[in-house]
Amino acid sequence: MGNWGSVTQRRSCILPLANPSLAVLSNRWPVAGILPLYLQHLYFAENGQVLSCGSNSFGQLGVPHGPRRCVFPQAVELLREMVVSIAAGLRHALAATASGLVYQWGTGLASSGRRLCPGQTLPLFLTAKEPNRVTGLENSQAICVLAGSDHSASLTDAGELYVWGSNKHGQLASQAAFLPVPQKIEAHCFQNEKVTAVWSGWTHLVAQTETGKVFTWGRADYGQLGRTLESHEGWKPEKQDSSLPCSRTSKSTPSPLHCLTGATEVSCGSEHNLAVMGGVCHSWGWNEHGMCGDGTEANVWAPQPMQALRSLSGLRVGCGAGHSLALCQPPALPVLGQRPMVTDPSLDATKEASPQEAMDKERNQKERHPETSAQSQSNRFRNGGLVTETL
């Protein structure tokens, strides 16, 4: 396991580091998944039970009469049916059950809804502090749920994507400022293909269709969408009457990232992303804490291969709000007695030659240009090469 980005003991780590130790939550609930976001965590047990801990100030733990903060995971008892998917937003959470129903709890979306939909009565699931069935999805069967900082989404078994909540950054692919109930993103937005997978950042979304195409839409001022825009000025928040529809149509339209067609892994952080293409990890978006893993803290505006992970295989990737992780298989160690590959650029001409020929050629070069062994070794290290034996 490798991780990089924002950490607590130091400000940031801008290149991947190995993290060999991972703690096990408890033997009481074999954990199948963990969803951390902001101030709360959701745990997904193998038996389909949901556990929660952290801040409960907005009812986001699904324990209506519980304390404002829970330091140990506890079961969300009101979810009595087996759960197959969970999602944690900034101040709300969701779950999809085995029968295809969607439940939401936490009041995080309610304040935006009241402000942007004056005079309307909000549905109960936006104001509930315990799991409440999401209305408007009665004719569909959910297989996956997602949550951003102030929005929600659900993917159905028919390959349809429904969204609701705040549309401040165009993340709902709609002209409305707020969607109080789920609304389907029409198939033409995905070139009339079914959506097979979807991921959400805080204010942007990424979807993959049945042919492997990857689409992005939503906020883009940190490079979250991985594509060049006409002008970044258009992405600044606009002052407008909250009762009027959004006018920023360009960013609210899902657009394909052709360079990621066929991606086998995708993950969204708050404002950055990772994807695996051809066994190589690519990153783009917000990079203030080095979570794009390119050795800098400059935002990355298009998917770029992560050089530090190029030699690793079996990549599985994940993003936190300000850090990234990769689970991978390191390169195989050389067989006992086998000489490791020489990577010194000065020896490129001998890489196809036998080991003995390479040694003879290097010895002849030394005889023509006498120098001490220490000097030779120092130069080779300076050039970035590997010393394969002591001469």
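Just so you know, glycine gets a Cβ as well, placed from its N, Cα and C.
The annotation compositional bias 'Basic and acidic residues' is assigned in TrEMBL to 231-241 (among others).
Residues annotated as compositional bias 'Polar residues' in TrEMBL: 242-254 (among others).
Summarising the annotation, TrEMBL assigns compositional bias 'Basic and acidic residues' to 358-371 (among others).
Annotation comment: TrEMBL describes 372-381 (among others) as compositional bias 'Polar residues'.
Annotation source TrEMBL lists domain 'RCC1-like' at 45-326.
Here TrEMBL flags 231-254 (among others) as region 'Disordered'.
The region 'Disordered' annotation in TrEMBL covers 338-391 (among others).
Marked as repeat 'RCC1' by TrEMBL: 48-99 (among others). Confidence in the repeat 'RCC1' (48-99), given as mean pLDDT, stands at 88.
TrEMBL lists 100-158 (among others) with the feature repeat 'RCC1'.
Feature annotation from TrEMBL assigns repeat 'RCC1' to 159-211 (among others).
Residues or ranges marked as repeat 'RCC1' by TrEMBL: 212-279 (among others).
Secondary structure by DSSP for the repeat 'RCC1' (279-330): 3 helix, 26 strand, 23 coil. Marked as repeat 'RCC1' by TrEMBL: 279-330 (among others).
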